[in-house]
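Peer 1: If you scroll down you'll find the structure; I have some questions about it.
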Amino acid sequence: MAWTSVLLMLLAHLTGCGPQPMVHQPPSASSSLGATIRLSCTLSNDHNIGIYSIYWYQQRPGHPPRFLLRYFSHSDKHQGPDIPPRFSGSKDTARNLGYLSISELQPEDEAVYYCAVGLRSHEKKRMEREWEGEKSYTDLGS
């Protein structure tokens, strides 16, 4: 039986100011060719995945990383150029998880997959204002 190994690594996409979210991924996963695999990306508990977009990247041996997709919600997502629909994103907000599903696994899917998070622009601006307010308040107390 042929197996495709899918290695996972950590990538934290840092956006904005203030405390940054951390993402955690299992070190590896594997499945059979032709099957579907779901890779997970857990956001640190002090951040709510509901306000973040999840970005997924693939890096094949000897190649630079390539953008696969961005997922915020079913109605707010973006597939990378030339990325087939068998790559899809989803979220579990109750468990603070983002997922990359790859269906119909093929030999060329053997790669390192990176997840990253980024705030939606309006949330990023709100959090930057809050952080600047906290910083100003702290500076006044000095």
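Positions of Cβ are set from backbone N, Cα and C atoms, glycine also.
Copied straight from Swiss-Prot:
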SIGNAL    1-19  signal peptide
REGION    20-41  region 'Framework-1'
DISULFID  CYS41-CYS115  disulfide bond
REGION    42-56  region 'Complementarity-determining-1'
REGION    57-70  region 'Framework-2'
REGION    71-81  region 'Complementarity-determining-2'
REGION    82-115  region 'Framework-3'
Peer 1: Tell me whether the region 'Framework-2' (57-70) sits in contact with the region 'Framework-1' (20-41), defined here as at least 3 Cβ pairs under 8 Å among residues 6 or more apart in sequence.
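Peer 2: Answer no: the region 'Framework-2' (57-70) and the region 'Framework-1' (20-41) share fewer than 3 Cβ pairs below 8 Å.
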Peer 1: Would you identify the secondary structure of CYS41 (disulfide bond) according to DSSP, in three states?
Peer 2: strand
Peer 1: Using Cβ atoms only, which residues of the same chain lie under 8 Å from CYS41 (disulfide bond) while being at least 6 residues apart in sequence?
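Peer 2: Same-chain residues close to CYS41 (disulfide bond) (Cβ under 8 Å, separated by 6 or more) are VAL23, HIS24, GLN25, ILE54, TRP56, LEU97, GLY98, TYR99, LEU100, CYS115, VAL117.
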Peer 1: State the non-local partners of the region 'Complementarity-determining-2' (71-81) in its own chain: residues 6+ outside its ends, Cβ under 8 Å from one of its Cβ atoms.
Peer 2: 52-54, 56, 87-91, 98, 120
Peer 1: DSSP helix, strand and coil counts for the region 'Framework-2' (57-70)?
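Peer 2: The breakdown for the region 'Framework-2' (57-70) reads 0 helix, 8 strand, 6 coil.
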Peer 1: What is the pLDDT of the region 'Complementarity-determining-2' (71-81) when averaged and given as a whole number?
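Peer 2: Mean model confidence (pLDDT) across the region 'Complementarity-determining-2' (71-81) is 95.
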